[in-house]
Every structure is written in structure tokens, then in C-alpha cells.
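Per TrEMBL, these features apply:
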REGION    20-40  region 'Disordered'
DOMAIN    146-217  domain 'Beta-mannosidase-like galactose-binding'
DOMAIN    357-600  domain 'Glycoside hydrolase family 2 catalytic'
DOMAIN    651-707  domain 'DUF4982'
DOMAIN    721-822  domain 'Glycoside hydrolase family 2'
Amino acid sequence: MGLTRRDAIKAGATAAVAAPMVSKSGEAAETKPPAAASRPDAKVRETLLLDFDWHFHFGHAADPAKDFGFGADLDTFAKAGSGVTSAADPDLKLADWKALNLPHDWVVELPFVPSANPPPEPAEDVRAYHGFKPVGRQFPETSIGWYRKSFELPKSDLGKRLVLQFDGVFRAATVILNGYVVGSNASGYRSFTLDVTDFANYGGKNVLVLRVDASLGEGWFYEGAGIYRHVWLHKLAPLHIAPWGVWAKSSLSGNSAAVTLATDLVNDGPATKARIVSTITGPDGRVVTTLKSPELTLHAGEKRTVSQFVSMPQPKLWSPEDPALYHLRTEIEMKGKVIDDQITSFGVRSIRFDAEKGFFLNGKPVKIKGTCNHQDHAGVGSAIPDSLLDWRIQKLKEFGSNAYRSSHNPATPELLDACDRLGMLVMAETRRMSSDEESLADLAAMIRRDRNHPSIIMWSIGNEEPQQTTERGARIAFTMKEVCNALDPTRPITAAMNGVASWGKGICAALDVMGANYHIENLPEFHQRMPQKPLIGSETASTVSTRGVYVRDPKSGYCVAYDTEFPSWASSAETWMRAAMTHSYISGGFVWTGFDYRGEPTPFNRWPNVSSQFGILDTCGFAKDNTYYYKAWWGSEAVLHLFPHWNWTVGQKVNVWCHSNLDMVELFLNGTSLGQRKVEPLKHVEWDVVFAPGKLEARGYKNGQLVLTAVRETAGAPAQIRLSCDRQALKGDRADAAMVAVEILDAQGRLVPDANNLVRFKVEGAGAVIGVGNGDPRSHEADKADSRAAFNGLCAAVVQAGVAAGALRIEASSPGLQSASLSLNVQPVPPRPSL
Ligand code: GAL
């Protein structure tokens, strides 16, 4: 019996599971999967990436004639397989469709639309929260996206099960294969699968069409729209491992790990006999154990979970410092042949929250030094290439962060893979705090998909919900907790509660860890009131700052980059850190935010401001000055960061700061000492200096020894461009991408701190610029362009590799400036199995 559409949707709600399904072949070297079994292989499973060669066209939310006839008549769903939409017509001419590859976010491509409010403009505009893009019900012509892809399937696929997997489509997707509506999915953040076996054309062309409707949003921040995560096609034997059907649950006791393996089998074929063979390979690549289940008899249509157990003495533990991963190869063996297999990575570590002593990882106290982040990046919006997700995690780690809150929705699977691999603790969050069937299904789908990730240390069931203090809210929270505990009893649940008066009330009773948003000054009182309740700062600090701006001018829409400005509910970084790092009962927390993101341009929530300013890093990942504050007190290296720049008017009084973790800093202007400052723990040092051009120098001492010096020199006019990239090579897989940074320098090679020159990018060779940015929270320039103005001396391009191997040369030029170029080596890699 086939997995029906209903089953597939239901399975998302109730079945069990694990990490990203399967061997994504290109990653084999990175994930060190165990070698294939030596038993004969009749393996059917093939996992093909469906990211390439799509076509896109806008539909219309209000006019069926402009929406490929979708809903033109009342009989849209009258007959299966016909009459749904002309977009599914196999012979449709695609001349006015746009060719593209996934991941894709169409909102990032749209122009900004100023507020429609007549003057005087309100102090706040709700459209500011989404970044002033024309998406939503007021914009029917840019809120429906049609995607279409044709692919061939060989005749030999007949008899296999074919399952499509969508990792994320924003939102309300209707999926149509060969004219049949094969499924739909509302949530923009849930991964889902659809069994399409019955609808495929075997030995011929298949037309896959998605109608994606972003008329309704799910958040109060920029969300993007479209197929912004990967799409896969799995070809499976009738008896196969269910989607996300492997769970390696480990628990640590003394020096030994108890690992329970649960494998969900689906038998869509006739009754048969089979066994499960599970091989675990350690972080060192050596086989730890092979477990063989007894032979099982599976009836036609049966779904069954097979459990296996192993005790692993002296396991290598996973931690942010040493993210050791085990790999599990799960095989279904039938008549001595392997007919299905899948690789799942997992880690062994223990986690515990203590109300008095905070968070413990592997028995040791670990302060959670986290940031909250939305999935949004300069140039690409929510459609972030996997390698850029990795890069973002690395950027956060560079300043000592060890934790990531995926606010306020389930993350892209590859982001969680990056956290596992690079060592980053994760607070995973569902989007909607409700116990209606669909919301619980979304929650369950997240846990089933993600529970193998050692990086995830807690499940968050909600954020700042109006119902948080009510009895009904508590009922909802307890129902959600039951779902969490049933699918994963190993992790605590939390929720982010706002407003001091709410803490401890309503939903708090259901939480294993109380998540407090902001209001740091009230944490001691809460702890006294509820000394048994573990506590974490689910959203904290939240300095608003604009990179490179040091003079406050509200009319400009920019904030200063000192750690001095924050919304009324929030605090500076220093205030947060002095509380969090010194009270053991605060497990740590998540600064709002790691990266700037589109929308919520607080404190200037109105046109023309379009991006947030909460980030420690800007939208491109360029460091703001506070980056070095966190690096000083979260990281392990000596830090001495001197700011602001040294281009002012003669005689102007300038507030000079240093973020440093050394003992003492002495400041010099053109060789004359301006005094020494003792560095107090978790604080900056500062001087008021009357500007004179030249050289400002800070010297940092530890135990009386000079350890670091930092210099700011008065820069001259823009004269040249410098290009840099933290990678030298890209994989030639049509997906790998890197951030290329541009600096505008004077003739002596000094950054020009207010340079705004327009920089044009030209790429030769195997690749292209797929987006540009500059971190300016009020820039209305296009992200999809080959040029960008610098903002305070910097801008960036996201460069993606094609397939042809060889040099990828990026040139950046600007009128009147000496241009620069950079070459990345595009390396040949075996093509990823794709359709
Ligand atoms: C919080 C909210 C976040 C973000 C932030 C801005 O209340 O949970 O999503 O909106 O405020 O300050």
C-alpha cells in the first residue's frame, strides 16, 4: 500500500524521527560516513537534489486570469489530475518565466515600497517590521510565486517509491505533479515530504509545479518568500526507512554512553522479511559497532519502529570546542542484500540546567554565550546558500559565541548541520505557540527532523505570546510539552517570556527552563521568587548601533556604534554581560541579535529605514565595534579594539573607547600620552579627546607587559579598492558561495571611514555575483545587482561558483579609484546527484 498524501501529512504530525535524510553525496568527505557494507548491494535509495533549472513566474492573489487560471472556476478540485492550472500544462511556453536555481527568495528581488501613509507619517509603521517590501495581501501581484521544473524519470523507476522532500517553502505551498495536486503545506518553516509514486511519468517527462502563496505572513520580521531551502527526490524500495526515520538517542552515564537506535520502517510492498543492520562509526572514522536485528516479518502496508541498543564505553564527547560526531549507517537487509540505507550523524553529550548553577555540558558548567538570529543575509535574503550558513556560524564563533537561537522558527537543516560540525549550541524554536492540530504537527515535524543534532540543547515552544500568563496559555503549553517529551524526552523545553510581570506565571509552569526576554535588572528578583526554576536570557542586551557611525543624529536614521543606545525594554551589552557572567543561576542567554536583519529598523520604525540595527554584526557580517566587546569577554584571545575612526574636525571633542580584556590601556595622540585607564572586568575604557589629525594609538598591557597596540590614523581621500575573501577556493558545484569584502582605502592603504563610492563587480570564469550588500540599514539599493555603494568604507558581494573548474576572477572598480581583483580557485567536485 502506498504512502498516501494524507499519510504523508499525518506522518509529519505523528511519526518518529531524525537528522537530514540521507547521504547528500557531495558532503561525504566532511561527514565521514561509515564505509558501505560488504554485503551485496541491491540498494534502491537514491537521493537527488532538485535545486537546479527551475522557472519562476509571479501569479496573482486576486485575479485568476493572471494566476494561471488557478481557481478561475469553482471546479478547480473537481477532478483529480486536470483543470487545476495552466501552469502545469506540459507544453507551456516558458519564454516569460525566469530561469533560476534554488534556494530562491523572491522578496529580496522586489523593490522597496515607501509607506503609503499620508504625512504626517506615524512614529511607527507596521510595514517597517517586514522591511517595506511589496508582499502581503495589499500586493496581490507580487505575493504569489509559481515554480516549475521538468525532469525525466527512467522506466526502471517503476516499482520504486518516489518521495519529494521540501525543506522549506514560504509559504502555503500547493504542489502539483503532472497536473495532480499531490499535497499542500501551510507553514513556511516546516520541512515536508510527499509520496508521488502514483503520479510520476515513468520513462518520460515530469512537470513539477508549486504555487506558493505569501499573502499571509507568520512573523513580525522579514520572512522572504519562495522555495528558499533545498528540494530532494528520494527513490526508495517498497520497504524503506521512513522520512526522518532514524533516531540515535544517546545518554551518558559515568564513562559510558547508552545509545538507543529507533528505525522507522515503511513497507509499501507485499509482506516480506528483513533485518536492520546499524553500523556506528566514531569521530576517528573507526567502526564502533555493528548491530543486527533479528529477521523481522513485515506485513503489506506495515509501519514499524525497530529498536536497537548499544552501550559505548568511553565515548568521545561532543562540545563546542571539540564537536565530535558519530555516524550511523542504517541498512535494511533483505535476503542478504542491502535494499536501503541512510546515514545519520549524532553526538554524545550530556546536558543539564541547574536552577542555582546554570547550564552544564558533559558535567561541566558552561555559560551560554548566545545570539538570536533570523535567517536573512545581505544579497540573498532568506535563500542562504549552505556555505554561507556555515560562514555565518563561523563569524559568530569568531567573537566567542557558543550558542545560537533560531528565532523564531525551525532552522534550515544545513544550518543545524553546521552547528553540529562547527560546535555551536542551539535553542531550536517552533513558529506558532498553539496546540491546534496543525501547530502541534509543525512542532512534531521539527523535533522528528532535528532531534539527532547534538548541538540542540532545548526546544522553545514560543516567544512573547499574548497568552503567556493565562490559564488557557498554560493548557496549550502543557499540551505542547507532551508532544516534545513524547518525541524527545532528552531535552528540556523553554519559551521566551516578556514583561517582568509575566515571569513565573501561566505557561511558566510547563517550562523546564524559564526564558526571560530582557529586563535584566529583574532577574535576581525572579530567582529569589522561584529559586527552583532554571533561568536563561532568551533575548538579552540589544544595543542598537550602526557600523561606523559615532555621532547621534536621529534625523539620519542611524545609531551610534558605542554601546550606549538600546530600546526601553533592553540594555547595553555591558549591563547584560555584568549580570549574566557573574550570576551562576543565569545560564547565560541569547543577545538580540548576532546579525542585523531586514525589517524592524528599531528605533526608527518608519520609512526610509528598512533594516534592524540590533546586530553585533551588520547584514553583511561586517563587525560593528561591539563585536570586540563580546570577543574580549567571551573569547579566549587578548583583545584591544580602539574606536572611533580618526577623521574629525580639528578641535572637535571625540569620545574614544577601547574594548579590551587586558589590564590597562594607555592612549596616545601623535605620540603624547592622554592617560592610562585600568580595565575593569566586563567594561570598556574611554577618554574624551580633542581631535587633531594624525595617529591615535592605544597600548594594552597585561601584568605590566605590552601585549597589543591598536592604531587609528586620519585617512585621506578615497584612492583605491581592496578586495578580500576568507576562502581561496570554491567547490564547483553550482552552490558553493563566499563573501567577498570591499574596503575603500586612501592612497596610503587606510580605510576611508565615510567612503560611499559606488563599486561595480565583474566576474570572469566559473561563477557569478548572486547578491550585494553594504550593511546600511536605510539603503534602498537592489540586492540583486552587480554594483553597490560602499557604506562607511565597506560593501560586499556574495559570489557563487558554477561548475567549470578554474579561476574565478572578481574585479571591483569605481570611478576615480584604483580597482582591485581577486581570484578564487573553483575546484572540480563530483557532481551532486541531482535532477
Ligand atoms: C522582541 C521580539 C523579537 C524582536 C525584538 C526587537 O520583543 O521577541 O522578535 O522583535 O523584540 O526588539
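Any Cβ shown, glycine's included, is placed from N, Cα and C.
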Tally of DSSP helical, extended and coil residues in the domain 'DUF4982' (651-707): 0 helix, 38 strand, 19 coil
Tally of residues which DSSP labels helix, strand or coil - the domain 'Glycoside hydrolase family 2' (721-822): 0 helix, 57 strand, 45 coil
Among the ranges 146-217, 357-600, 651-707, the one whose Cβ pairs under 8 Å to the domain 'Glycoside hydrolase family 2' (721-822) are most numerous: 357-600
Within the domain 'Beta-mannosidase-like galactose-binding' (146-217), residues counted as helix, strand or coil by DSSP: 6 helix, 41 strand, 25 coil
